[in-house]
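A.B. asks: Dumping what TrEMBL says about this protein:
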BINDING   10, 11, 12, 13, 14, 15, 16, 17, 18, 19, 20  ATP binding site
BINDING   186, 195, 198, 201  Zn(2+) binding site
Ligand SMILES: [Zn+2]
């Protein structure tokens, strides 16, 4: 697939940065696309810009502020707290986000002659987000191909990995330290290991610790 072009849906977080490294290994020509939907922290966009630049990846930021207009949520509105009640979607959920992002990414990709789309969605830790599920991705893949009469392939390298396995993949790609230091996952906008308190940091930390324990055991 070295002759083929790919577009990575890229947020500057741990998962999509791992996907970016993965895509660079698979494809000869990789571009990254970031959606600006007025996230809590504009730092997220800056972080994505910096990583793309450092990795020498062509990067495009698309304005998706209409998403906030349609569906106010805790990721875009500072007056909505980040919380999850039992059995309910977390307040960070944005209806249709992956549907919209992947559809726009597909339009963008076709224009540059790329048929491979890469996204960091994951069913294992999907927190109940319906558009992170494998069945949805496969369904959308068929829909995009029919909609644009183009042989897209959506790649989801993280689909069945837990957070520890995602760290392991980063390590196998030679990107463990880079991803640990340079990516932004924290809802409070703190790079690397983050604030340690928010749900995103807790999830990231639990996976990191599980992987470090595993790696320690392998060495010993
Ligand atoms: Zn945090």
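Including glycine, each Cβ sits where the backbone N, Cα and C put it.
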A.B. asks: Run through the Cβ atoms and count how many others sit within 10 Å of the one on residue 18 (ATP binding site).
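C.D. replies: Residue 18 (ATP binding site): 26 neighbouring Cβ atoms within 10 Å.
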A.B. asks: Identify, among the binding-site residues 20, 186, 195, 201, the residue whose Cβ has the fewest other Cβ atoms within 10 Å in this structure.
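C.D. replies: Candidates: the binding-site residues 20, 186, 195, 201. Fewest Cβ atoms within 10 Å: 195.
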A.B. asks: By a 10 A CB contact count over all chains shown, which of the binding-site residues listed here is most packed: 10, 12, 14, 198?
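C.D. replies: Output for this query is 10.
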A.B. asks: With respect to ligand 1, which members of the binding-site residues 16, 186, 201 satisfy a Cβ distance under 6 angstroms to one of its atoms?
C.D. replies: 186, 201
A.B. asks: Check the DSSP secondary structure of residue 18 (ATP binding site), expressed as helix, strand or coil.
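C.D. replies: The three-state answer is helix.
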A.B. asks: Within 10 Å of the Cβ of residue 16 (ATP binding site), how many other Cβ atoms can you find? Include all protein chains, please.
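C.D. replies: So the Cβ neighbour count for residue 16 (ATP binding site) comes to 24.
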A.B. asks: Quick check: which same-chain residues outside 186, 195, 198, 201 lie with their CB within 8 A of the centre of the Zn(2+) site CB atoms?
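C.D. replies: Close Cβ neighbours, site residues excluded: 185, 187, 188, 190, 194, 196, 197, 199, 200, 202.
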A.B. asks: Based on Cα distances to residue 10 (ATP binding site), point out the closest of the binding-site residues 186, 195, 201.
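C.D. replies: Of all the candidates listed, 186 is nearest in space.
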A.B. asks: Could you tell me the C-alpha distance between residue 198 (Zn(2+) binding site) and residue 18 (ATP binding site) in angstrom, no decimals?
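C.D. replies: For residue 198 (Zn(2+) binding site) versus residue 18 (ATP binding site), the Cα atoms are 21 Å apart.
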